[in-house]
Structures are given as structure tokens and as C-alpha cells.
Amino acid sequence: MSELLFLLLPIAVAYGWYMGRRSGDQELKDTSLKLSEKYVAGLNYLFSDQSDKAVDLFIDMIKVDSETIDTHLALASLFRKRGEVDRAIRLHQNLIARPSLPIEQRDFAMFELGHDYLVAGLFDRAETIFIELLEHEGYQLKSAEQLLHIYEYTKDWEKAVAVVESYKLQQKAKIATSLAHYYCELAEPLLARGDNDGLKLINQALKADNACIRAYLLKASVLIEKGDRKGALKCYQEIPNQDVDFCSEIVAAVEDLYQGHRDPKGFEHFLRDLLQLGAGVSILIKLAQRVAITDGDDAAEALVRQELVRHPTMKGFCHLMHYHINSAESSKARSSLKSLQELVSTQIRIKPKYRCCNCGFSSGSLLWQCPSCKSWGRIKPIRGLDGE
Ligand SMILES: [Zn+2]
């Protein structure tokens, strides 16, 4: 608080001096006198350790006019940064209440007031302001983004979709990604109760963003439930083309689909194609398991060793140990290798499996919106030595 007073004191003094200089007529002289009285009262509060009252008095002293608008805006911003949102709100409200305030500064003060309300958790008031600003030139996108923050926080997905669609904001790539997830959020409860409209929403998600992995995963599981295994397989096959990092998320479901078609060779080809695309170690392990069935453990081990030279991973080394355990001649060597494998497996299990590419937040499960940076679709399976 004391550092703010050091800022406010000279501003108040300068303003009093300025008013005094201009006090050519009686009215201005009276104003100047009142300011001096307030200044003395402010100092009294200060010396009697009532710094809160002193700050409020000094704010009142700086009357809003064309010369002090920027001072008010700067002070309000400073108060909000310090967590004193009520004072920031008061300053912005004072500014907006002036009918003679130029339109650019009014819009700016309104936007800032909306921001104050957001910080204070007064979402309904913030929403009203940002909805009004949607119609003001230069504030449409900024206000829409703030509204989307509110609707994401309150999980009001219908309103979020309406804002994006009404103002055609999906042309911005980042907003198109968010829109696809809003449709997925709307679809999930419908899909859970078997409502066919869920699939329509998923198709709208893919129309908004045809790289939305979540929408492909949801669509594939709906099609499996409907008995359309071919359609489901097509959805899963599209995922590596959009983002090869998500291959580990589909491998078990795709294996089921190929088994349903009694087509193990087809599955093996699919896995080899994924490895060519740069898929991670889960795909390598699955392929090695297939090779072990068809060509034996030695061929599987050679495949794993060859891939690990190019892309070393803990999970891959752990799987490689499996072949050494099987081929160990003495029971002592087998038992030592088993303990070692158990230790490595435990380490792999306790490590996070997913990480946000935007902020680095890590998680044990796949989340579609990052709890830390709020980005959509940026949390992916971890790649590298500790991951895939
Ligand atoms: Zn993040």
C-alpha cells in the first residue's frame, strides 16, 4: 500500500497545483480550496496509519477530465494487478459515467471494467459488458475471446458455440479448434444416453476442425456401438494422418476391429505403416508381439532392438528385457532380469503419460482442455525417453 501512496501523493499534489493555476474565477478557486482540504485530510489519514482511507481520498481528488483520463486508466490497471479489484472497478465506472468521454476511451474503459469483473468472479456483469462490446469496432474478437473464457468456465457450451457461429469466428484457427471441442462437450452427454443427435454434433465438430482427434475417437466409438466396424476403422485410420502422437490411444481398439474381421495380417500392415509415420513405442511393442507369434521371439527381439537404436525409450527397453528373460538359461539370471524389469515397469507406471505442448502441464490421463493454460487439444502422449 505504501508504494501506491508514494505514487498517488505526487499525482494529487500536481493536480491540486494545476487546479490552483487555473483558478482564475471564484468557482475554480473554491474547487482548489476543497482539494487542499482533502489533501490535508488525506495526509492525516496517512499519518494515523489509515492508508486505505488515504488512497480512496486521493483517488477522489483526481477529478476525471480530459487531462487525467490516462492517469485514471493507469491507476485502475495498477490496482487490478495488485488484486485491489474494487478500486479498479470504481475508477473504470467513474470514467464510463462521464458523458463527454471520447468513444475510443469509453470502449477501452468498458473492456477493462469487464476484465475487472472477470477477475472479481462477477461473470454475469462481465458477460453483459463483453456482449455489448461485440458490436463495437475493434473489440469484437477481444470481447468474444473473453466471453468464451466465461462460457468455458461456466461450461455453457451452447452459448460458446452461439458466439463463435454468430460472429463467424471459426475462421481463426485457434477458435475453430475450440469450437470443435465445444461440439464434443455438447455431444458427450447425448452419446452417453444413446441419443442420435450426439453423432450430428460430432460431425459438426469435424466440420469445424477436421484435425480434432477427440471427435474422431468419439465418432469411432459411436460407430462401433452401431455395428459399423468398417466406418469406425476408417475414423481410427484418419487419426495418425492428423497427429501421429495419438497412435498409442487407438492401437487397442484397432486391434479389436481387425480381430473382428479375422485379419491379423491387415493389423500388422497397419502397425508397420504407423511406425513408418513415426508412431511411438506402444505401436512397436504391439508389432513385436505380432512378429513373435508369426516369426518367433528372435525376429521380434531384432525388430525391437533395431527400433530402440533409432528411438530409445524406457518402455522399449523394458519390453526388450522380456525376450532376454525368456531366453535366459539359468534360473538365477532369469530371476535377476525379472526384478530389474519390475523396477523399470514401476518407474514407467508412476511417470505422467501426457503433457501439454503449450505450457508443459503433465497428467496421468488424457485431458482435452489443459487445466493450466486452458488450451484445447494440446495435451498429448509424452514422446521421448520417458514416454512413447
Ligand atoms: Zn497447457
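Just so you know, glycine gets a Cβ as well, placed from its N, Cα and C.
Annotations in TrEMBL come from automatic prediction, not curation.
Residues or ranges marked as topological domain 'Cytoplasmic' in TrEMBL: 21-388.
Taken from TrEMBL, the feature domain 'LapB rubredoxin metal binding' covers 354-381. Note on the domain 'LapB rubredoxin metal binding' (354-381): mean pLDDT across this stretch is 97.
Marked as Fe cation binding site by TrEMBL: Cys356, Cys359, Cys370, Cys373. Under the DSSP three-state reduction, Cys356 (Fe cation binding site) is assigned to strand.
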What other residues of the same chain, not counting Cys356, Cys359, Cys370, Cys373, have a CB atom within 8 A of the CB centroid of the Fe cation site?
Cys357, Asn358, Gly360, Phe361, Pro371, Ser372, Lys374, Ser375, Arg378, Ile379
Under 8 Å by Cβ from Cys370 (Fe cation binding site), counting only residues of that chain that are 6 or more apart
Cys356, Asn358, Cys359, Phe361, Trp376, Arg378, Ile379
